[in-house]
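Working notes, beginning with the structure itself.
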């Protein structure tokens, strides 16, 4: 084999990248060159003497051998390189297998976590279902208890009529008014139409011949409720919703006290000729004033309460009638008030309720705001004392003899307290089934001895409970607009007047042929309970969730009235919007939400 062939093959191998240029290879080549030069010459001579065929064959073999050599070198080098890369490949393979194992472990962990999550969700769902089923079962049990037979009535109509005929009973009407049989036969007699807004207040005079009503339309109407005719109608002088209008006792029906959303307390002087002489402001709260409290026998003095937490005592005999009696506080914070009532058995004492869960009783002779903020004693259902949901009292009222105190809580139930119990005492009765959320809902006793509890509801129904058994004995559809707010019993007869979002007053008498069957009561109670539970999950503050509803309701009604008015007026009549009679409406537009019925400021 010639050296030149090796060199040429060496070039080829260098080009192909298979030639070894390490120092060991180079030194071996030089040593071979020095020791065998003769052999190479001899070999070259021999190669020159060969024939052309042999030369071609030899060249071919030489090429083959060189190619084999280069192939061996290439294989040797490639083996060296392969050995280097094979370690990396093994490492990469190990890394890959390790990462695959980790991925498998992660997938297994994720699957296990997903399984655990599904199990937790199933347990939670099962717990929720169990809780809802328990609540449903408890509600069904309560409804079943509501349908259990009531004890026999103490008053029976036939025997009472027979005794009256014989002259042996002088208390027939008194006992009949408190009879369950009459309450279960309540039926709508008629409506009194005369307002153009929601009716927020009702009050019978002492004799029961007249009924006063006040409305969002800022008017007060005095009705002959039997003949369905207004005896007197006048502007109240208030700038916003009239919340209460009451005849002062022993005044000959000549004095009517009023309060409203504008915070004013006003007095109207009525004449015997069925006209209003004038109205004057006697007190001014810094917030809305929802309720007045009359003293049973006084034609000159009464109390007012406002959302500014102030209670005024008003004496019409004074040049400056109003004087501040107390500011209601819990620790150092003022508590806005929605309701106030004087104890009929002890007129020095009065109770208030408002923007917290406590019924507070004060004694006008013992108010010292430095001692317990002047409070004589407080009542609250014990489960509401530490409740996260913010409870509010929308209305409270004393019983006929002052021994009991009834309080209605916002989005809660109605509770009865014994007013003679000590400070912090628990309630003695609880009345359930209605819904008190959308407005400042009223509550009242019915019957000459406060035998029943009556309340409106957001579902538009009127509920009457028997006080002693807490069972619902009457259930009536009382308002098409959806909310019943006011309930006023007649002072002497089995008559009930109610009002709400509708623009009329409804008169109820026991004229039904058969006692009520309470049809649909179960479904209504379940719906009220479900809505109350849903609202309690995102409860914020009193009526925040319902303010928008009432604003939209009011704006829709205002738009409908405006469209009807515009449709009936010509172009010339349209200019009458600037007349003095429309100045109140412009003020109302500025007030905006102030014309929303029965919503706190």
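The first residue you see is number 1, and the count goes up from there.
From the backbone N, Cα and C atoms, a Cβ is placed for every residue, glycine too.
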In Swiss-Prot, of the candidate ranges 94-131, 170-207, the one given as coiled coil runs 94-131
Ranked by Cβ pairs within a distance under 8 Å of the repeat 'WD 7' (479-519), the first of 194-233, 237-278, 284-324, 332-372, 388-427 is 194-233
In DSSP terms, the repeat 'WD 5' (388-427) comprises 0 helix, 17 strand, 23 coil
Over the repeat 'WD 7' (479-519) the mean pLDDT stands at 93
DSSP composition of the repeat 'WD 7' (479-519), residue counts helix/strand/coil, works out to 0 helix, 17 strand, 24 coil
